[in-house]
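Student: Quick one: the structure is below, and I'll ask about it shortly.
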Ligand code: 3HC
């Protein structure tokens, strides 16, 4: 298989990441099916595409023809069977829970054509923890986008010991077709590059807030103005989802059993209250 064989892309999950990954692929000219177990999420994703594309045209960032093409290319389909049945490349962007991902990959292995590559957009989980749920481990890899996926240029591609050279190459080529800058990791590590670096920063920021040394807002002011980051760690957590911060810390703790990997008290408090950031309109900040 080479990149020219990729015509149909299926994106699993219409949430924070999935809806924008699907749109990236549609804008690059691929036929895209986006699926989710929640009809509400699919409706929201479709509404986003229908408002985002005309906005880009009005801003002069897209031609009308490109916007129309992307909308024609993009379908929102509730049935996994229908969405993945003819896919050449599948990008899974479902919730960050190992068992859900393993079950999804087992289903995808049954549904997607045998030549299809199945990639996970997991934020932390390496694909070798998922590949053995399928009978095509050579065609499994990580393809990790950043939020907001329409804007952020980087994609991390991780080639596990089971991933073939061909799968890694097609994935790198796909990143280029999407206009992304890709880094290829040939050794698996939990959290890859960026989220490991980011979580070191977030862990310290949470420690300072948990200790009452400064508020999340003060820490964000310090980081943005001293380090030049476009967002401080708390506003960024609101963007990526405090639920994701909670799940990933739990996943990490369950593997390591190291108390320092447990989610911070502030993350637990926000998670339990359902204040998960921008997606729930309240996190460390409130949103209209
Ligand atoms: N969706 C799509 N496009 C968006 C967007 C969104 N949610 N938010 C902003 N944009 C676009 C705008 O349309 C604008 O595009 P244009 O310049 O082509 O017209 C551009 O981004 C700049 O937007 P704004 O001027 O409104 O706002 P900012 O300049 O403040 O930029 C930001 C917003 C791009 C989100 C910027 O604050 C930023 O880069 N923040 C850091 C994001 C980051 O670190 N992401 C990585 C998170 S880690 C991760 O995702 C890992 C995962 O595993 C959790």
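Backbone N, Cα and C define each Cβ position, glycine as well.
Keep in mind that this is a model prediction, so the values were computed, not measured.
According to TrEMBL, the protein carries these features:
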- 13, 14, 15, 16, 17, 18, 36, 96, 101, 123, 147, 279: NAD(+) binding site (BINDING)
- 9-186: domain '3-hydroxyacyl-CoA dehydrogenase NAD binding' (DOMAIN)
- 191-287: domain '3-hydroxyacyl-CoA dehydrogenase C-terminal' (DOMAIN)
- 144: site 'Important for catalytic activity' (SITE)
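Any idea what these are sitting next to in the structure?
Tutor: Following the DSSP three-state reduction, the secondary structure of residue 17 (NAD(+) binding site) is coil. Within 10 Å of the Cβ of residue 17 (NAD(+) binding site) there are 24 other Cβ atoms, across all protein chains.
This prediction places the mean pLDDT of the domain '3-hydroxyacyl-CoA dehydrogenase C-terminal' (191-287) at 95.
Under the three-state DSSP scheme, residue 144 (site 'Important for catalytic activity') falls in the strand class. Taking Cβ-Cβ distances under 8 Å and a sequence separation of 6 or more, the neighbours of residue 144 (site 'Important for catalytic activity') in its chain are 121, 122, 123, 155, 156, 157, 158, 192, 194.
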Student: Quick one: of the binding-site residues 13, 17, 101, flag those whose CB is under 6 Å from ligand 1, and say none if nothing qualifies.
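Tutor: If the test is a Cβ under 6 Å from any atom of ligand 1, the answer is none.
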Student: Counting other Cβ atoms within 10 Å of each Cβ, which of the binding-site residues 13, 15 scores lowest?
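Tutor: Result for the binding-site residues 13, 15: minimum number of other Cβ atoms within 10 Å at 15.
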Student: Would you mind pulling the longest C-alpha to C-alpha span across 13, 14, 15, 16, 17, 18, 36, 96, 101, 123, 147, 279, which the record has binding NAD(+), in angstrom?
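Tutor: Across 13, 14, 15, 16, 17, 18, 36, 96, 101, 123, 147, 279, the two farthest Cα atoms sit 21 Å apart.
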Student: Please work out the helix, strand and coil residue numbers for the domain '3-hydroxyacyl-CoA dehydrogenase C-terminal' (191-287) from the DSSP assignment.
Tutor: 67 helix, 3 strand, 27 coil
Student: Tell me which of the binding-site residues 36, 101, 147 sits in the most Cβ-dense spot, judged by other Cβ atoms within 10 Å.
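Tutor: Comparing the binding-site residues 36, 101, 147, the most crowded Cβ belongs to 36.
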